[in-house]
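Annotated in TrEMBL:
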COMPBIAS  1-15  compositional bias 'Basic residues'
COMPBIAS  24-42  compositional bias 'Basic and acidic residues'
COMPBIAS  57-66  compositional bias 'Acidic residues'
COMPBIAS  104-116  compositional bias 'Basic and acidic residues'
DOMAIN    83-166  domain 'Casein kinase substrate phosphoprotein PP28'
REGION    1-116  region 'Disordered'
REGION    153-174  region 'Disordered'
Amino acid sequence: MPRGKYTNHKGRNRKFTSPEELEEQRKQEELKKKWRKEHGDESSSEEESEGNKSGSDDSDDSDSDEDHPTKAKGVSGLIEVENPNRVVKKNKKLTTLNTTIGEGGEKPQLSRREREEIERQRAAAAYQKAHAEGKTDQARADLARLAIIRQQREEAAKRREAEKKAKDDTPKKR
């Protein structure tokens with residue numbers, strides 16, 4: 001006998017189950033199932049395994065699955081989990097999806113950053129409009145500066161005209 005944790009199976013004799021033993025096991029299982037059906041102790045897991053083995057029952061089961069929610073696997077059916085981050089996938093029908101969009105019932109929820117960006121754009125557009133109408137402090141200051149510049153340009157233009165006239169008048173005097 002080899003020492004250690006792992007053993008090598010090479011060179012050992014192989015044992016095969018004889019067909020007679022397999023037949024005997026199958027008969028024992030059938031007897032147990034008959035006895036359980038007579039006494040009403042058929043477990044749901046065995047019924048499900050029998051239903052999956054037969055091909056004709058699959059089409060009937062698919063129709064009934066739509067009406068009933070799927071059975072939870074493992075312990076999740078026994079323990080009620082309240083995880084706020086867990087998203088339960090809900091299947092929606094196309095007809096109901098189109099009617100909710102068509103009615104304009106629910107707008108898609110925006111994230112905080114998206115809402116702030118939209119608000120920033122609206123505020124900028126409102127400021128531009130008020131600025132164009134001259135209602136903001138900066139617009140008033142700009143308009144006042146513009147008026148001063150226009151006045152200075154008008155005075156400079158008058159001076160130039162006066163100098164031109166003076167030049168024209170001086171040659172006539174000679």
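Note: Cβ is positioned from N, Cα and C throughout, glycine not excepted.
Note that the coordinates shown come from a computational prediction; the quantities given were computed from them, not determined experimentally.
According to DSSP, the compositional bias 'Basic and acidic residues' (24-42) comprises 16 helix, 0 strand, 3 coil. With DSSP states grouped into helix (H, G, I), strand (E, B) and coil, the region 'Disordered' (153-174) comes out at 21 helix, 0 strand, 1 coil.
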